[in-house]
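Annotated features, as they stand in TrEMBL:
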- GLU347: active site, proton donor (ACT_SITE)
- HIS378: active site (ACT_SITE)
- LYS509: active site (ACT_SITE)
Amino acid sequence: MTARSQALAMFRAVAKKDAGSRIVHQFATDPRRTERMGVEAAGLYVDLSKQSWSAEGFEAALDLARTCDVEGRRNALFGGEAVNNTQGRAVLHPALRAAADADFSALGEPVSKEVNETRNAMARFAVDIGSGAETGGTKQPFTAIVHIGIGGSDLGPRLLWDALRPLEPTIDLRFVANIDPRDMAEALSGLDPETTLVVVVSKTFTTQETLANADLAKAWLAESLSPRRMARHLIGVTAAPEKAEAWGCGKTFGFRDWVGGRYSLWSAVSLSVAVALGWDVFERVLNGAQAMDEHFLTADLERNAPVLLALAQVFNVEGLDRHARTVAPYAHGLRRLPAFLQQLEMESNGKRVKRDGSGVDTATGPVVFGEPGTNGQHAFFQQIHQGPKVVPAEFVVVGHTSEGAMDAREGDAPLWSNALAQAQALMVGKTEAEAKAELIAAGADKAEAERLAPHKTFPGNRPSTTILMDALTPEAVGALIALYEHKTFVEGVIWDINSFDQWGVELGKVLAKAILKDVEAGEPSPSLDPSTAELMKRLMV
Ligand code: F6P
């Protein structure tokens, strides 16, 4: 038995014991629980005391992290080793948000100089667009940007923009991801090609959806601009600049293969957001993430927010057989966080083999889903409270939802009080006796109270994590996203999987091409399965 499988067995045994106890009782027997399980990190506060673990369970989880060498793997990541072992790549998104004098290397090759050069070029471009020094082909200043990209080339920038955009932005930033032409049509509606910049974002510059949308945007520009003038409106952001130039981009901003798509929002992938928000705001996002990097690198494991957040998830998945988690950000600005986390976590940790190719001996990443609060409360929270299976919840709670309104704490209270109430209700619940007493107090007779009480009973003892942000500042948003990135990595270390490849998305891409070929030929190929062939025939009519 390896040290890891021994630690896993111990961890599972303790978790099983904890499953039989109630979270509220843990508070009663451990006066230091809130303090021990609440950590501050880069301006955020993470409360894990409403999780199902006892003090013993918490320690067993930390032992598991130590045995799996979380610290060693973390140092390998920051040290630029080939952490993405199936593609032989370093994983260095922290280098993108590091201080200007940082000195990162990817597989031994220094990268910080190039990072700074790109960052400076982005800053210049953002300032020049803002000042009107950089204009379109007909010398008019840009007033709108259409950002084209999908997956990691879309979700992070979109999240940043929604979280930090001013109410009345000077640049009208629109995003297009879907290959459904309606997405592009909606984005272009009302825009003037002469004042619109199109930013095509694709790490590979081969993604079908992005290239199709880029062609649509180019055709739209071409209706008003000559090819020479149009080039000033087409910007590429990619790790394959030669492809972007060949396609027609007048300018390109690059990043390297050691930046994973879903970890790329710190790079030129966020160019359009940096332009529309202003460079100073984007820089503050980077600073917030950098502060979280510093915390992750230096805090002891038992006070390390990304590590503890990861361990809580591993405890639920591995220890308690809970294979889903809902995320509810209580801020309209963070409404895209669940979508961003779906890619970050499920594309990173939805794996069935370990780093060495052998089958996993654990469950790996859960299903992640969510909606902003309070909207989710009126949709799926019923099941979180009363469904027979436990779904752990995560509340991201913001004291001041807008940076400009620092005195608006009371205005935000109806929002955050709901988050606190949900977490409390999940933990405390309501017994059948309490439900019955309430019904009788409200005038029901005994028979009616007995009939309805089971429906009004809440089992409680349902775990949740709460992440507090004092305000929706650029720094806090940067720190929050970096917190989730490192958490995802730590989980991958414990599950012993490669969190940085995504081979699972490839098969569908290949088959979609084959189906399109059949459509061109006018009939399904004989080797196609009968169900797919029938569906295709019906769609081709
Ligand atoms: O299909 C999955 C994926 O490769 C993601 O990992 C990536 O973020 C997205 O597609 C977009 O890729 P690209 O930036 O190369 O267009």
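Cβ coordinates are placed from backbone N, Cα and C, and glycine is handled just like the others.
All annotation found in TrEMBL is predicted automatically rather than curated by experts.
Distance between Cα atoms for HIS378 (active site) and LYS509 (active site): 36 Å, as a whole number. A straight line from the CA of the residue listed as 'active site, proton donor' to the CA of LYS509 (active site) spans 15 Å. Over all protein chains present, the Cβ of HIS378 (active site) has 10 other Cβ atoms lying within 10 Å. Residues near LYS509 (active site) in space but far in sequence (CB under 8 A, at least 6 apart, same chain), listed by position: GLN208. Summarising the environment of GLU347 (active site, proton donor), the number of other Cβ atoms within 10 Å of its Cβ, over all protein chains shown, is 22.
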